[in-house]
Amino acid sequence: MGPNPGPKAQPAPIRGFGVKIDQYTNDVDLKDEANVKLWEAIGDHISLVTKFLAGGGPTDYGAGGKPLLFCGAEAGVHQPWDTSIVKDHEGKNVVTDRDPKTKMPTKYLNLGLAFMGVSRNPNANAFWMSKFDGYDLDYDDDTSLCAENPKDGRLRYAKVAKRPFIRYTKMRLPPLATAIPLAVVWASLASVINANKAANALLASISVSTVSGTAPGRPTELVSAQEAILAGDYTKRLHYQGRDVCPVGCSNAGIDTSSWFVYGSLNRLDRACDRPMLLDFALANPIDTQKSHVAISACTADYENFSSFVPSSDSATSCASKVAEQAEVTFPLLLKSSGASSSQHVADVTSALEQLQAFAILSNSGCNETIKYFYSGDVIVGVYAGSGLAGQGVLSTVLEKLSTRIKDDGSVAESWSVEMCSNSSARYSLSVLVNTKGKFGAVQRGLQASKNGTCFSTETEIAASDWETVTYLAASASSITSTANPNKLTSYRATACRTIQVVSGDSCASLATQCGITAAQFTKYNSDPSLCSGLTPGKHVCCSPGTLPDFTPKPSADGYCYSNLVKSGDSCASLAAANDLTNAKIESFNKMTWGWNGCEKPFAKYKICLSTGYPPMPATIPNAVCGPQVNDTVKAPPETDLSTLNECPLNACCNIWGQCGTTGDFCTPSNSSTGAPGTAAPGKNGCISNCGTNIVTSSAPGKTYNVSYHDLGGRPPRPPFGEYNSKDSRIPANFSCERVVQLAMEMGHSTIVQLLIDAGADTSLPHPL
């Protein structure tokens, strides 16, 4: 967008979306004092805002810039709470979960802090807008920053936008503080406009200590106070954006599951979200074992119009062997079912198949095996496709066929499976497993069988001839002769042979076919007489003359170990075979590796060492809010205590999943069998920093205040005075200002907390917010 070309026709306002801020700022009062404060507060973030606005904008986003924004109507007043939304000038949604250019996760601008110069007014509150997960700042008594200046009718700016996480090593202001007009704190800092500086200055000035008995100016029953706070379980709402909402949408997160949110168990995932999701986790780590730790990567299944997705036309060719001749293979699909059939889950199952089909199409250009799950209530669908089928669209085709079958039948059995598993090698295995009884472990074990090159059994089978076939390209043995040239590809060096890796179900015959050589040549190049009877998945074998290369990883020049990001199909055995190691060596390399749970229960998308050396910085967890796995954490020097990075605000506890809280789920340290940092005992979430639940206090304050708060839950804000059906909880009158701030932040994001300076007023009555 260039400079304003002059007067032009203004588009008609879109009904139901509040007022439009003019894209050329013609109707925005740049002299309005409130606008000046807004720009001062968030001017440094404004260039980030425009990345989420369709149509872009000018490159210079200083004061007087030209944002393309529709502003939602005042929360719950002029417009229904659940329909407020942000639109661009063409009426399209512009708020997303990910920067469209960098693909980095983002969070919303903290209006409660950025607008503190305005929201110091006790009638100004930042309200959560559930439809687009953003905020509207209610201004004064009768209007909104989304509306107009009541003095002259000209429009005000309202920035409902996002910014990336900004992390600090020691102290960070939490997103949950957004909804808290900190009137008590800011009353003593009225001259300070920049809220972030003011907050940091206040928090830095607090000297805290732990006490076990009474202290002057403090409640006499500290144990009772502690129990009362913990019993409230306020931390279930702490860091609401990171822990108590559904994971990032799949359409925004992309196919790299490293960008998906991570949860420590199915139970935790169930508490966080009730929407359909796609999941990824280590196949070797049982998900239904009681008290088992499983790092589950999840995204909200939200693909739309996936039928328009176009896979790469040369994917099949690019993934095929470059030496073995390829031939078309037509293979039957075995359809199996068990349990009673019902129409109850038809819509959920077909939706699951469509979401997995969309993912399969988008990831079609990859050349690796596919292991993914759909999860929604009792409906679980798992898919496996071997690496030999990668890039050929076979999985997408099978998912579409099964979806059509279920729609035509109008019913679905308790358990269904579609399998292509009579091949000798898992390289060409495929399975789609459906369960409508919530039996996740059964689906996981079925996919494990497919990866092992075997079939998953159910009670009742429909013969393969009664259903469908699929066609794909595979290495052909029929074209191989004794004169085949085994050196079609350049080898590592003159003396090194060309290699391929074993997969489950392989035999020396199938490996020879993949190599494009005869069985006799394969035996000649691989002289170990015990090789064919002990093929281990991951192991390298020779496809040409020469010496088998040394695949043992080496430490880096700066002393760090050779790190490997664990994939969902990896196991210690396969990693050891692929890297000329043993399970015992892998265990020894990772004694100090963050999140290392041992070979029995590896975490997918976690980094591990495959050599000696310093352990690597752990892989990031997109929804982590504390600890070393927070996004954009700077690499720490060797032997740094990683648990000290990105500590929780106000000394709250941080658990091994990078979440903050003040209950036993966050504050109780425990040891795993490995003793590695960032791990915990089975069934526990552990604690990595600020552990324990002792009350933390400062010295007696010079002045104390009485405060009250009101839990509005999920209801719209600002009901008429006297109509609160809420809990009027009293904080002890002698709590210091700092302690009140701590409690307010602990109470969390879904609670609108107002701290009132009580100069003798009756605090037994609810205060209007």
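Placement of Cβ uses the backbone N, Cα and C atoms for every residue, glycine included.
Keep in mind the model is a prediction, meaning the values are calculated, not measured.
Pulled from Swiss-Prot, these are the features on record:
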| type | residues | note |
| --- | --- | --- |
| TRANSMEM | 173-193 | transmembrane segment |
| CARBOHYD | ASN305 | N-linked glycosylation site |
| CARBOHYD | ASN368 | N-linked glycosylation site |
| CARBOHYD | ASN423 | N-linked glycosylation site |
| CARBOHYD | ASN452 | N-linked glycosylation site |
| DOMAIN | 498-543 | domain 'LysM 1' |
| DOMAIN | 562-610 | domain 'LysM 2' |
| CARBOHYD | ASN631 | N-linked glycosylation site |
| CARBOHYD | ASN671 | N-linked glycosylation site |
| CARBOHYD | ASN706 | N-linked glycosylation site |
| CARBOHYD | ASN734 | N-linked glycosylation site |
Worksheet item: Which residue, of the glycosylation sites ASN368, ASN452, ASN671, has its CB surrounded by the fewest other CB atoms within 10 A?
Response: ASN671
Practice prompt. Spatially speaking, which of the glycosylation sites ASN368, ASN452, ASN631 is closest to ASN671 (N-linked glycosylation site)? Use C-alpha to C-alpha, please.
Written response: ASN631
Worksheet entry | Residues in the domain 'LysM 2' (562-610) grouped by DSSP into helix, strand and remaining coil | 14 helix, 6 strand, 29 coil
Worksheet, complete the sentence: For the domain 'LysM 1' (498-543), the DSSP helix/strand/coil residue counts are 15 helix, 6 strand, 25 coil
Worksheet entry | Rounded to the nearest Å - Cα separation of ASN368 (N-linked glycosylation site) and ASN631 (N-linked glycosylation site) | 26
Worksheet entry | Cα distance (Å, whole number) from ASN631 (N-linked glycosylation site) to ASN452 (N-linked glycosylation site) | 36
Discussion item. I'd like the Cβ neighbour count for ASN631 (N-linked glycosylation site), meaning other Cβ atoms within 10 Å of its Cβ, all protein chains included.
Written reply: 20
